[in-house]
Structure formats: C-alpha cells, structure tokens
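Written below as structure tokens is the structure these notes are about.
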Amino acid sequence: MVNHRQASRCVILAQPERCRSAPPLNVPGYSISSIGKYPADKTCSPGTDCTGIKSSAVRVRAGAEVQSLSSPWELVPAFALQHSPSSGCVRSQLHTCRGAQAQEMPARLFLLLLMLSAWPHPGVQSIFINRCSSPAPKVCDFVCDCRDCSDENQCGYHKESVTLGTPFTCDFEEGNCGWKDVSTSAYRWVTDRASIAMWGTGPSADHTRGTDLGWYMAAEMRRNTFAAIARLRSPVMRQAAATCEIRAWYHLWETGLNETVQPALWVELTYDNETRTLWQSPKSSISAWQELVAYTGRVPGEFQITLSSRQSSLQLDDVEFRSCGLPLPLSLVCGPEERSCSRGSCVQLEQLCDGTDDCGDLSDESATECGAFTICSFEMGWCGWNTVPDYPTWARNTSLHLAPGARSPTRDHSSNSRTGFFLYVSTGPEDLSSGAARLVSPTFQATTTSFCSLVFYSHLYDSATSSLNIYYQTSSGVMQLMRARAGDLGDYWFREKVDFSVTENFQIVLEGVIGTGHKGSMALDDLVLSPGCVLAAGGQVITPRPSSTDPATPCTLQEFACDNAKCISAALACDFTETCEDGSDETYCGASTFETGARGWKDVSVGQLQWARQKASEALLPGADHTTNTSTGSYLGVALAPGQMVSVARARTPVLGPSGLACSMEMHYWLHSDPQGFIALGIVDHALGTHRLAWHTQGNGSTAWKHITVLLGERARPFQLELIALVMLRGPVVQSAAVDDVAFVNCDPHFTPPDASELSCNFEMGLCGWYQDQSDDFEWVRGTGLGLGSDHTIGTGYFLSVDLSAQSTWGLSARLITYPQEPPTREQCLSFWYRLEGPQSGTLNLKIQHDGEPETVLWTQTGSHGSMWHLGFATLSRQALQRYRLIFEALRDGYLGDMALDDVTVQAGACGPQKSCSFEANACGFSSSWQYTWARQSNATGTATAGPPTDHTMGTARV
C-alpha cells in the first residue's frame with residue numbers, strides 16, 4: 001500500500017527540482033511568502049527528504065490575505081525562532097522520490113496517488129497521551145509534567161506542531177487535537193483539505209503547509225440550514241495565565257444568507273458556568289487566510305473554548321495557545337527585581353499589587369502584600385472617583401446588564417466575568433459623535449520621597465479616532481498630559497501605568513475622547529493607586545480646566561485647523577500635498593527626524609515593549625542618532641512598557657493618502673539583536689481591509705545605522721503605516737531597535753516621475769516605467785537565475801517572475817501597471833518575452849485601460865508552455881486621443897508552476913500577424929465576409945444557439 005502522506009511530499013513539480021522552505025520570521029497580524037528562485041545547488045535526490053533545504057530569497061508580504069510575517073512561522077514569547085520543515089520536492093515532470101533512481105510517474109499512478117490523498121484523515125494513532133499518568137489537574141494546563149510532554153497532547157492542541165515547530169499548537173495534520181463538533185444541525189465542523197473540498201468556497205491550500213494536501217477544520221454548508229450555527233468545542237483545559245493568547249488562522253467565505261448584524265465567526269470561553277465572548281470576526285470581503293487573536297484572561301480552573309460559525313463557509317487552521325502556562329516553580333532564589341510566589345514561582349516586582357493574579361495563587365495580590373495600595377474594581381462603587389455629570393460621561397455597569405449591541409466590553413477585568421463592574425463612556429440618548437468624558441480622582445498631596453503611581457486597565461476597541469488621555473491638574477494650572485492612548489488596541493483589557501511626580505497638591509484626570517464616527521468601546525477597570533498617592537487634608541476638589549494641549553479652534557470635527565487658524569477639509573490632511581498655506585497639514589504625518597517630536601507616529605503597543613521618542617544620551621544603544629550623529633540627538637526607539645502581554649512594539653502614522661504610483665518611504669534603522677529580533681514596516685489599508693508587510697529585516701548583531709527605501713505605491717485613502725519591532729530588552733545582552741530620518745518620496749498623487757513613459761525595459765537596472773499595483777495579492781519580483789531559469793536578454797541578467805509555489809488561492813493576481821500614458825500619434829507594437837511553466841502555471845494577461853473606461857484584454861495565454869521563452873505582442877491602437885494605462889496581470893491557478901516576463905519593447909507601427917490564435921483576447925486580425933458570418937464569442941455570452949459548451953483553449957464557458 002502506498003503511504004499517501006509520504007507520496008504527497010514528493011509528487012510536485014518544476015525543473016530543476018527544488019524544495020520549499022519555511023520563512024524565517026513571523027509578525028503578528030501579517031504573513032510571509034517565498035519568492036524568487038530556489039538555490040540551484042540544492043536538490044532533492046531520489047529517496048531523500050527535502051527538510052532543511054532553504055530558499056535563497058524570501059519576501060515579506062501582506063497580512064490578512066495573508067502571506068507574510070505572522071503566518072504559520074511565528075516568533076514565540078520565549079523569542080525562540082520557529083522553522084517549518086520543507087513541504088515537498090518541486091520538479092517539472094512528475095516523479096517518485098523513492099528507489100535507486102527517479103522514475104517518470106505514469107499518469108494512472110499519479111491519479112491513484114491523488115485518490116489516496118483524498119482518504120479520510122489518518123487520525124491520531126501516533127500521538128501519545130499522558131504516558132506518565134500525570135494527575136487530572138495537571139493535564140492540559142499548558143505545562144509539561146511528563147518528560148515527553150504527552151500530558152499536553154489532545155488538549156485542543158498538541159505539545160507542539162511537528163510542521164511549524166510551535167508549542168501548544170494544533171495544525172490538524174495529526175488529527176483534530178481533541179476538538180469536537182457539537183452542532184445541532186447539518187451545518188457542522190469536519191476535518192477537510194483543499195484537494196477534496198468543494199471548489200470555489202474555500203482556500204486552495206491549507207495554512208500550515210501551503211498545499212492542497214494539508215488538513216484543516218471546516219464548517220461545511222448544507223442545504224436547508226438557514227440560521228444554523230456550527231460549533232466546535234475544545235477539550236477541558238486548566239489554569240490559563242493572565243497573558244494567555246489564542247491565535248488561529250481562518251478562511252471565511254460568507255454566503256450572503258447571514259443578513260443579521262451578528263458576526264460570521266466568534267470565539268467563546270466557558271468557565272464557572274458562564275460563557276463569555278472573547279473575539280468576533282470583523283466584516284471582510286477578503287477570500288484568504290486571516291489571523292484571529294483572542295485573550296482568555298486569567299482562568300483559575302477548568303474551562304473550554306468554543307468556535308462558532310453562522311451561515312458561512314469557514315476553514316480553521318493552526319490554532320496556537322501562547323503564553324498560557326503559569327510561571328514554573330523554581331528551585332533557585334528569585335532575582336533582585338523579582339518576588340517569590342507561594343507556589344514557588346517568581347514574578348517581577350512591578351507585577352505586585354497590580355490587580356492581576358500573575359502568580360497563579362493570588363499571593364502577589366494578597367492583603368498582606370497590598371495593604372498600602374488603594375484598589376478600585378468598581379464592584380462596590382466609585383471609590384472616591386468622580387465624573388462630570390454631562391454627556392458623554394463615564395458610567396458604571398456590567399456586560400450582563402447592558403443592552404445588546406452596546407459599545408462596551410463583553411466582560412470586566414477584575415473577575416473576567418459578564419457580571420463584573422467597570423466604567424465605560426456613555427454617549428447618552430443623544431448618541432453623541434464627539435466630546436470628552438472626564439473621571440477625576442480625589443486630591444493627593446505633593447509627591448516627596450516616592451512617585452504616586454496609577455495602574456489601570458483600559459479597553460479601546462473598534463474605533464480608530466477615539467483616545468484616552470491621562471492628566472494631572474493642580475489648583476494653579478491647567479491639566480498636564482502624562483500619557484495618551486489612541487486607536488483600536490483590541491478587544492481586551494490592557495495594563496497601563498503612569499507615574500506622577502508633582503510639587504503641589506494635585507488630582508488625576510482620565511479623559512475619554514470620542515472621535516468622529518465613534519462606534520467602538522472605551523472602558524476602564526481596576527484602578528490601583530500606589531502608597532505614594534497620599535490623600536490631601538480636606539480633600540479639596542479642583543475643577544478640571546481645558547487642556548493646554550487642546551487649544552480652542554474654529555474648525556469643525558470634519559475639518560483640519562491649519563497653524564494660521566484657517567480650516568481645510570480633514571480629508572486633505574496627510575495627503576502628501578500641502579493645502580494649508582503654511583504646510584501644517586503635512587507636518588504630523590510621519591515624516592520626521594524626531595528632534596522636535598514624533599511628528600505623527602503614535603505608539604499602539606499593548607504589551608511589554610513600546611515605541612518611544614528617545615534621546616541617544618538616555619539610551620544604552622544606539623549612542624548617537626543618525627540625523628546629528630551625536631548623543632544629544634533623538635530617534636524613535638523600542639523601550640520597556642508597563643503592559644503585561646508578551647507582544648511586539650507597534651507605532652502607527654495618522655490616516656494617509658491618496659498616494660501616487662512612485663510613492664516610497666525612506667528611513668534609517670538600527671537593529672542590534674540576535675536573529676530572533678526584527679524591525680518591519682506594515683501597511684494597514686482600511687479601503688481594502690488588509691494588513692501587508694512591505695519590508696522587514698532580522699537582527700544580526702549590527703552596530704550601525706542602515707538606510708532602506710520601501711515602495712508604498714498607489715493607494716487610496718485611508719491607509720496607515722505601522723512600525724513593528726521585537727527585541728529582548730530584559731537579559732544579559734543589550735539589544736536595541738530604532739528608526740530615524742523618516743521621509744516620504746514622490747508620494748504626491750499628482751507627481752509624475754521622469755521615467756513614467758519608459759515602457760521598453762529589459763529589467764537589468766530596474767522596472768523602468770512599470771510599477772507594482774498595490775491593490776493586487778502578490779508581487780512580480782525582479783531577480784536572476786541560471787540554466788532554464790535564466791533571463792532572456794543576456795542569459796545571466798535580470799527578469800521578472802512570480803512564484804506560484806508559495807501559499808496561494810485560486811484567482812489571486814500580481815499586477816504591473818504604468819502611469820497614464822499620452823495617446824500615441826500612430827499605432828505601436830508592444831512585444832515581450834514570457835515563460836509559463838507547470839501544470840498550474842495560471843494565466844498571463846496584457847490589459848489596457850483608457851481614461852474613464854474598464855480594463856480590456858489585449859493579449860492572454862493560459863497553461864504551461866514549457867521552460868522556454870516565448871514571444872508575445874499586441875498592437876496599441878490610437879483611440880480617440882485618450883490617455884491609457886497598461887497592465888501585465890498574472891493570475892494564479894494553484895501553486896504548481898512559474899511565470900516570468902522579460903524584454904518589454906514598444907516600437908512604432910502595428911505588430912505583424914500572429915502565428916497562432918486562441919481568440920481569447922481578440923480575433924487576431926481575422927475578418928468575416930460572404931453569406932455567413934463568423935463571430936468571436938464564448939458560450940457564456942454568445943448568441944449562437946448551437947455550439948460547444950466550452951472553448952478548447954481553456955475548457956470553460958467564462959465571459
């Protein structure tokens with residue numbers, strides 16, 4: 001009997017034989033895909049495994065679609081880099097990899113292997129469960145008690161993913177990990193793979209391996225299941241730490257039957273006879289793998305996780321439980337910056353008395369330890385805090401008693417329950433679209449020997465324009481801003497800490513500002529005041545005054561106030577074109593030397609790292625900025641943060657756009673770390689609903705500033721740029737990450753570069769007048785190759801290619817596009833050389849788009865044409881003096897094949913006659929005469945009553 005799992009590793013294609021490797025890095029919210037060519041000196045010999053053979057070129061790509069950082073290969077909290085084994089051999093003819101020498105595989109045997117690959121899932125026969133007979137309370141608690149960690153198998157996860165290398169992960173390659181379908185209708189969860197799934201309603205590949213032979217869970221649609229819900233439930237788990245994250249990848253195709261406001265997918269936690277919602281899917285039209293991140297909060301007992309889907313075709317893969325285990329008891333003494341727990345583990349001093357059970361036994365929050373702290377959970381009232389009685393205002397309530405659809409959290413932080421109290425911003429019956437709610441503390445004495453510190457938990461979710469500001473105010477002055485948080489930070493409670501050092505009596509003011517289009521949640525819970533916050537005698541109440549950082553302006557919320565007091569439309573701010581006479585509308589948009597401020601960059605981190613403007617003299621590394629090359633200069637660097645989650649540092653620009661085709665961002669960066677550290681630039685495109693990684697670099701111990709130019713391209717408004725970084729700041733070795741001298745180049749959408757009309761290109765020096773279309777799904781890549789993969793021009797030069805062997809979905813596209821071209825005075829011939837190789841090499845189109853008109857196809861080819869270069873050409877006719885754009889479009893048809901382009905030439909005069917014609921693009925110059933008329937048509941659009949149901953070229957009846 002043929003082992004279909006072994007066979008599937010080597011029944012893949014493309015000459016010379018190559019092996020796919022795992023990307024070296026992963027960034028949460030983004031994903032990565034291999035591009036370019038594989039190393040010519042690394043091959044998979046017959047009878048061998050491809051594991052360990054790595055790609056020579058890797059490119060970071062977009063998030064939600066998603067092929068980029070935060071794909072399957074993720075950096076875990078311990079900062080250990082995870083790699084995936086190779087997913088298989090790639091060669092141009094179908095062979096088996098067993099035996100003394102490779103033999104060509106007969107077509108029947110290949111079909112037999114495909115049939116074998118469609119057999120039911122093999123199950124978990126090779127998975128051992130609790131071989132050391134660990135007692136039940138220690139099974140499925142995210143801590144390995146057995147030497148082989150088998151007590152953490154079949155827990156909704158296995159001890160690790162063999163493919164991905166990540167711990168406490170279920171990739172569904174070795175079974176369902178204990179997940180059970182508990183649906184009550186025919187709409188159910190089943191194990192599935194792309195090779196046997198219904199075409200057109202799901203992914204063409206799983207997320208783990210990126211092939212159609214990888215397994216995932218799928219919620220399968222059935223007829224007559226209107227309003228049905230498919231539920232997938234985990235086994236019983238135990239003792240989730242406060243830092244516990246659930247990360248998974250889902251592929252969603254909504255049927256349109258779900259006409260309610262309810263989400264298509266949601267995650268619930270059931271504990272202590274109560275079910276809480278942890279996460280809900282956003283509205284999205286993206287047909288690709290997307291990442292979900294849900295936080296459990298501290299769960300001190302047994303619990304279960306349920307994933308539910310409503311009226312959708314949904315697939316789930318690579319479920320990972322990260323940072324969920326309680327700290328391990330140690331035989332050694334805790335460090336000087338740590339405190340021991342009753343159960344023998346250690347926690348940081350800053351985790352004491354912060355309103356969170358970090359030890360796992362509450363000993364870090366005991367009355368003995370925290371007697372001098374003032375903790376307000378709002379369970380019994382307001383604890384001396386006051387709010388201004390107006391709308392918007394802070395209101396006290398529970399999730400259980402708020403109306404359905406209310407803009408509030410689904411649970412509190414203190415008890416992780418729907419019945420727990422918290423404060424939230426209420427807009428009242430008017431449903432205000434702007435304003436500020438203020439919460440004021442009692443009056444405290446001036447700080448003398450120690451800080452007055454405030455720890456609190458904030459919930460800012462689903463609103464990009466709202467903000468939370470923390471001030472102090474004295475009787476003699478206006479409010480002084482100490483910290484500000486803005487934007488959508490996620491559906492969870494995140495820890496914040498602010499230290500106050502004030503020379504006179506003061507009050508603390510927490511201000512929740514509702515931005516334009518407010519629709520999200522802003523809430524507070526567990527306010528903890530340190531012993532240094534001493535109440536002043538008499539408790540004088542100070543009336544809050546307007547903030548000095550928010551001067552009055554005559555402009556409306558839909559307008560931007562220029563520095564000269566004039567008002568312009570808010571949509572004209574940060575659009576790369578100066579509209580204000582003083583240019584102030586482009587001042588705080590991200591371009592900065594950081595000498596006078598962050599210039600628009602705002603930290604949106606939620607964990608133990610953050611981006612902050614730093615003076616070089618106050619940081620360990622780098623010791624000098626790039627702008628001035630002195631220790632007195634400043635930059636944007638990664639620093640420690642008061643958050644509790646183990647996550648990356650993130651900073652975002654304001655909303656930007658639109659931008660032009662040639663738009664790019666330049667910056668200098670510093671990265672001194674081991675290979676697990678990285679800096680990346682992401683693009684959050686709100687118009688497309690995508691997260692794309694435009695660039696990244698990994699640490700290599702460098703101690704120098706480096707320059708990088710990142711193409712942003714043509715993008716509609718609104719989009720934002722996001723700096724993402726990960727370095728270990730606690731440890732024996734000093735690590736650091738920073739950026740400086742950020743600038744935007746050629747981003748004005750009205751700017752046309754000098755080479756915009758240079759369409760003839762051999763790609764030896766660049767892309768000439770061709771640009772990457774930023775609305776597509778993956779990219780054309782400029783590179784070199786040898787042998788059959790060499791370029792057409794000189795055999796050793798550059799050409800463009802798309803790697804179809806990366807994770808893919810049928811129908812995704814990579815597009816090259818030009819600036820609008822002036823209409824030609826006479827006909828022109830555009831010729832080019834192309835290569836289509838492999839059984840799923842897809843379709844290559846050449847399109848034209850005249851001003852104000854839809855795109856039309858000038859030339860098209862589909863399917864494998866072998867490994868040789870072929871000539872293609874199309875005539876550019878003069879059409880009513882209209883400007884036009886040209887587009888080269890590569891369409892995927894799977895993941896087994898390659899596509900390349902080289903030597904594009906535009907010459908005067910019409911092209912010569914074609915030697916062959918498929919009639920896909922046009923009639924190739926053929927015309928009809930005589931009594932009967934020949935008509936070019938497809939079965940989908942034709943008017944003839946008789947004829948074949950499909951054409952011969954593509955075998956379809958498509959338009």
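Using N, Cα and C of the backbone, Cβ positions are placed for all residues, glycine too.
Taken from TrEMBL, the feature compositional bias 'Low complexity' applies to 940-950. Feature annotation from TrEMBL assigns disulfide bond to CYS334-CYS346, CYS341-CYS359, CYS555-CYS567, CYS562-CYS580, CYS574-CYS589. Taken from TrEMBL, the feature domain 'MAM' applies to 168-326, 374-535, 572-749, 759-913, 915-959. The region 'Disordered' annotation in TrEMBL covers 940-959.
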Conformational class of CYS567 (disulfide bond) under the three-state DSSP mapping: strand
Cα distance (Å, whole number) from CYS562 (disulfide bond) to CYS555 (disulfide bond): 9
Those residues of the chain, 6+ apart, with a Cβ under 8 Å from that of CYS574 (disulfide bond): ASP585, GLU586, TYR588, CYS589, GLY590, GLY600, THR653, PRO654, VAL655, LEU656, GLY657
Candidates CYS334, CYS555, CYS580: member of the disulfide-bonded residues with the richest Cβ shell (10 Å): CYS580
Nonlocal neighbours by CB distance (under 8 Å) for CYS562 (disulfide bond), same chain, sequence gap 6 or more: ILE568, CYS580, GLU581, ASP582, SER584, ASP585
Residue among disulfide-bonded residues CYS341, CYS346, CYS567, CYS589 with least C-beta crowding, 10 angstrom cut-off: CYS567
Surrounding CB atoms that lie within 10 Å of the CB of CYS359 (disulfide bond), all protein chains: 24
For CYS341 (disulfide bond): DSSP state (helix, strand, coil): coil
Spatial neighbour of CYS359 (disulfide bond) that is closest, considering only the disulfide-bonded residues CYS334, CYS346, CYS567 and their CA atoms: CYS346
Cα-Cα distance linking CYS334 (disulfide bond) and CYS567 (disulfide bond), given in Å to the nearest integer: 59
Distance from CYS334 (disulfide bond) back to CYS341 (disulfide bond), taken between C-alpha atoms, in Å: 10
Coarse DSSP state, helix versus strand versus coil, of CYS574 (disulfide bond): coil
